[in-house]
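Annotation comment: Swiss-Prot describes 15-35, 45-65, 84-104, 108-128, 140-160, 190-210, 224-244, 248-268, 286-306, 311-331 as transmembrane segment, evidence class sequence analysis. For 30-158, the entry in Swiss-Prot reads domain 'EamA'.
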Amino acid sequence: MPIMAGTASPWRREAVFLTAMLVVETSVVGISTLFKFATSKGLNIYPFLGYSYLLASLLLLPSLFFTNRSSSLPPLSVSILSKIGLLGFLGSMYVITGYIGIEYSSPTLASAINNITPALTFILAIIFRMEKVSFKERSSLAKLMGTILSLIGALVVIFYHGPRVFLASSPPYVNFRQFSPPLSSSNSDWLIGGALLTMQGIFVSVSFILQAHIMSVYPAAFRVSFLYTVCVSIVTSTIGLVVEKNNPSVWIIHFDITLITIVTMAIVTSVYYVIHSWTVRHKGPLYLAIFKPLSILIAVVMGAIFLNDSLYLGCLIGGILITLGFYAVMWGKANEEKDQLSFSEKEKTPLLLNRKNDQV
């Protein structure tokens, strides 16, 4: 690609990265919205996940022949395969809890809860002693305060609806029931959905920690992604066969919204991994994270257009708190990495001076 060869102007390079991130966030929210709509037409979650990840793995398969062919890679040992298998199991749990949570609630709630992942990762990193909290450092305080804000925001989104801030009118081409919970029997569904989406966040956080470990010992992003999607397809299909053992007809896919949703999910999943790896390589993980809160706004717009979703005050307040907490955690992580870099440079300076003195 010429744009990445260093010949293009900086603003064009930034435009490419910006467009890629907007495509990723819109696609991820879009598939959640499409899934929510398809469930009303009879889509079952287990065939949806099993077939989608199987097709995604087939789409990722060609990348294995063009990437990670370096001889410096360690052999794909049983230990590494078992860790990727565990990652696939965690991934299966997070997509199952996530999409069932969307069935009970809405893509807007899913997007809001998804943004507490950095806070949950920070908490788990402290529990596993991968992070240390120092009240004397601004970065630690920022991550701590951001975590608290994110968790408060999540509680507000789940437990407080409040009045409607925006009332969506049903589009003429969508004959669909109101998804935002009225203050009646649907409140319990909203709470169940929020609990499942929070569980999804925990699974994602543990997956991030395990994925970072796997990539440190086996830095082959596309190969790991391929094996991961295969594992998720196997695990979700196996669980589905057990859960739906008395209903085998759910595995028959018809040429309707069900097939469209499965194919779209597979394409989004495979493209997401490609753009994710490409962006992290060229811009770093922080750049990728900056765009996550946009998913809340995108979900609100898509929900209003396609699902007749209304926006409640609780979701608005909680979304703002989660976004502030998200950026506080990201700011703390960025400053922590900056401090570590400057500290390592200071350590190198005396060594260089000593070498010069020895040469003299």
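From the backbone N, Cα and C atoms, a Cβ is placed for every residue, glycine too.
Sequence-remote contacts of a segment are chain residues at least 6 beyond its ends whose Cβ falls under 8 Å from one of its Cβ atoms, and for the transmembrane segment (190-210) they are 83, 86-87, 90-91, 93-95, 97-98, 100-106, 109-110, 113-114, 116-117, 120-121, 123-125, 128, 130, 154, 157-159, 161, 181. Here the transmembrane segment (140-160) touches the transmembrane segment (311-331). Their Cβ atoms form 3 or more pairs under 8 Å, with each pair 6 or more residues apart.
Against the transmembrane segment (311-331), the recorded stretches 45-65, 84-104, 108-128, 224-244 differ in Cβ pairs under 8 Å, and the greatest number is found for 108-128. Taking every listed stretch (45-65, 224-244, 248-268) in turn, the largest tally of C-beta pairs under 8 A with the transmembrane segment (15-35) is reached by 248-268. The domain 'EamA' (30-158): residue composition by secondary structure is 98 helix, 0 strand, 31 coil, according to DSSP. Mean pLDDT of the predicted structure over the domain 'EamA' (30-158): 88. Against the transmembrane segment (286-306), the recorded stretches 45-65, 84-104, 108-128, 224-244, 248-268 differ in Cβ pairs under 8 Å, and the greatest number is found for 108-128. Most Cβ pairs under 8 A with the transmembrane segment (84-104) among the ranges 45-65, 224-244, 248-268 are made by 224-244. Same-chain neighbours of the transmembrane segment (248-268): 27-28, 30-31, 34-35, 37-38, 41-44, 46-48, 51-56, 59, 240, counting only residues six or more beyond its ends whose CB sits under 8 Å from a CB of the stretch.
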